[in-house]
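**Q** Feature annotation from TrEMBL assigns transmembrane segment to A:43-65, A:72-93, A:105-126, A:138-158.
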Amino acid sequence: MNNLLLYGITIILLFLSFIKDKKKTKKALKKSWKAFENILPQFLGIIMLVGILLAIMNPEIILSLIGEKSGWYGIIISATVGAITLIPGFVAFPTAAMLLEKGAGYMQIGAFVSALMMVGIVTMPVEIKFFGRKLTILRNALAFVFSFLVAFVIGKVVGGI
Amino acid sequence: MRHIKRYKFFIITIIVMIILNLNSGNLGVKAIQNVGFSMKEMILIIPPVFVLLGLLDVWVPREIMMKYMGEGSGIKGVILAFILGSAAAGPLYGAFPIAAIFMKKGVKLSNIFIFIGAWSTTKIPMFLFEMTSLGMKFATTRLLVNVIGIMLIAYILDLVTSEEEAIELYRKAESN
């Protein structure tokens with residue numbers, strides 16, 4: 001549904017662009033291709049790496065580490081797992097829901113979801129290419145630390161701890 | 001030779017994948033399935049994102065982007081960065097090439113970081129999905145705390161970037 005919308009908008013804009021100025025449209029598509037080709041090696045590498053990491057880490061392993069009683073130790077582990085992996089939301093959320101059902105703590109899941117979204121260790125090579133080393137490391141480090149605050153607030157509000 | 005160097009990382013992951021498949025069948029198959037899944041997502045999302053990026057580069061003049069999201073754009077620029085990031089689709093690495101175009105168009109650095117943060121964390125379709133999986137209370141709490149975090153992180157990053165570093169960053173984006 002979301003993809004359909006994205007494609008719809010893109011096709012309409014591309015069509016309008018083509019009607020208005022063929023040359024400019026061609027130039028735009030050339031730029032699109034160049035930007036894509038520029039980043040393709042990293043994209044491919046990351047997809048492979050994530051596939052391998054996800055295969056190695058299964059829910060049982062994760063669950064044994066982040067149970068409700070695991071405390072701050074479990075929160076650190078959840079945030080670390082979230083930071084390293086790059087799981088698409090439509091896989092991550094049902095997995096998180098399942099982990100909660102099986103006894104993971106709210107704080108741990110909060111840290112996991114927040115780190116998963118904001119921190120991207122495996123995508124750092126791409127980020128460095130655009131933002132440089134310093135800003136990339138700093139952004140990811142700040143986001144990682146912030147995940148603990150998210151864990152704390154989620155624990156208070158949702159978990160009632 | 002140039003290509004081999006560029007694809008070095010990818011080639012290494014392929015070798016790891018082969019070793020994984022030779023040694024432990026089950027894990028290897030699962031890894032390949034995961035890769036297939038991500039590939040499908042990438043193939044689906046990437047074409048429109050990059051076409052839009054090219055169109056944006058060609059059609060939207062620098063002056064307009066600067067006016068709405070550049071220096072002195074104030075709260076308007078912040079809100080716009082949030083909306084653009086939240087309306088996005090696809091994984092975070094799709095946001096970086098767009099951020100480069102934003103630099104090229106003179107968008108303020110803090111707004112670029114807000115855009116990146118919003119793309120990673122406040123995407124609307126993802127939020128709806130999170131709500132159905134983890135509940136309204138969890139999703140809204142996380143969203144609210146993360147929105148504050150995104151702004152905080154954006155301002156800190158902006159603060160620690162010296163003028164020379166920023167100029168260098170924008171120059172690099174220009175040459176891409």
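The backbone N, Cα and C atoms fix where each Cβ goes, glycine too.
Just so you know, TrEMBL annotations are computer predictions that nobody has curated.
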**Q** Checking distant contacts: for the transmembrane segment (A:43-65), what same-chain residues at least six beyond its ends satisfy Cβ-Cβ under 8 A?
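**A** That would be 74, 77-78, 81, 84-87, 95, 98-99, 102-104, 122-123, 125-126.
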**Q** Determine which residues of the chain contact the transmembrane segment (A:105-126) at the Cβ level, with the cut-off under 8 Å and only residues 6 or more beyond its ends counted.
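**A** Contacts with the transmembrane segment (A:105-126): 39, 42-43, 45-46, 49-50, 53, 66-70, 74-87, 89, 92-93, 96, 99, 136-137, 140, 143-144, 146-148, 150-155, 158-159, 161.
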**Q** Can you work out which residues elsewhere in the same chain, 6+ from the ends of the transmembrane segment (A:138-158), have a Cβ less than 8 Å from its Cβ atoms?
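**A** Tertiary neighbours of the transmembrane segment (A:138-158) are 75, 78-79, 82-83, 105-111, 113-115, 118-121, 124, 127, 131.
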